[in-house]
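K.L.:
Annotations per TrEMBL:
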{"type": "DOMAIN", "residues": "4-101", "note": "domain 'PH'"}
{"type": "DOMAIN", "residues": "136-221", "note": "domain 'DEP'"}
{"type": "DOMAIN", "residues": "244-349", "note": "domain 'PH'"}
Amino acid sequence: MEPKQIKEGYLVKKGTVLNSWKVVWVVLSDDGLEIFKRKADSASKGMIPLKGAVLTSPCQDFSKKTLVFKLSTTKNQDHFFQATHMEERESWVKDIKRAITCLQGGIKFARKSTRRSIRLPETINLSELYILMRDQEDGVKEQKLEKEKRVYNHCFTGGTVVDWLISKDKARNRPEALMLATGLLNEGFLQPAGDMSKEGVEGGAVSTVLDEPNALYYFADSGFFCEGYSSDEDVIVKEEFRGNIIKQGCLLKQGHRRKNWKVRKFILRNDPAYIHYYDPTKGDEYPLGSIHLRGSVITAVEFVPDAKRYDVDGNLFEIITSDETHYFLQAATSEERKEWIKAIHTVSKTGK
């Protein structure tokens, strides 16, 4: 029987010979991961068998890459993959682990129910807890906080985390909440933002998350950034990043000059209305470019007149900005295209 395809999408993969990280198209079936250089390629670069494999997530082998997971085969080969945001990593990890379990048990792949109980089980699932904390309505609220002549955007205090864990019955008291928050920090879900919180991590205490008003933290895949008091021009640039993240992920983008297509990570923010794009193999500190979406027109298109190099027919859409600049993008699936068009359209109408 042909292997059942479970999932596909873009991931960043570390080279097995060279140490470079490159974007690849990954197809998960019930018996392996197949790697393609491009989505349009018919021949794969190779297949990683899942039988007897071990998945490690989060993988902290790379200090500056917080969204990495590792797949180790029975031949002692380690394969490292990086997702673009936390929810994406957890989705891949969950399906790969389930595929390995089903393969070992000789049963057909089937996703377990994602229904969550009110209370966490005795064996605490930090991934599920993190998802609850990131909930826009009922999770930990991100703030803009000013400390020691610096402004920290999209962050919160250690005390805020402790208060939330207790209020949601995830911990019985503050010491227990601090231990739980430390687990989230150690697994890479939380990151220290200021000098005090960084000193707490380096101090080697039992609880590295500090229940202090000056100890600041942020979500690993949030829009966090820190700024000092600077010029008016710099403030205007920083203004682009103040909005909440509405959607993020990889898309193919056509270049304006060479007209070639490359995979970019996109982060859509709502107020002000901006979408920034990045090299997914690098960090999110410096975007390659930004698109101001206020007053933009977003439509699905069937072809791009001057497309080169790649077969990009299907799942295409176009953004036309208020100054009539055209951007052509391609989603991985028709459903993903609908989601991006809807999200960008909403932001273009509501964001300033």
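Glycine is treated like the rest: Cβ placed from N, Cα and C.
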K.L.:
Please list, for the domain 'PH' (244-349), how many residues fall into helix, strand and coil according to DSSP.
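P.N.:
Per-class counts: 16 helix, 43 strand, 47 coil.
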K.L.:
Across the domain 'DEP' (136-221), what are the DSSP residue counts per state (helix, strand, coil)?
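P.N.:
Output for the domain 'DEP' (136-221) reads 31 helix, 20 strand, 35 coil.
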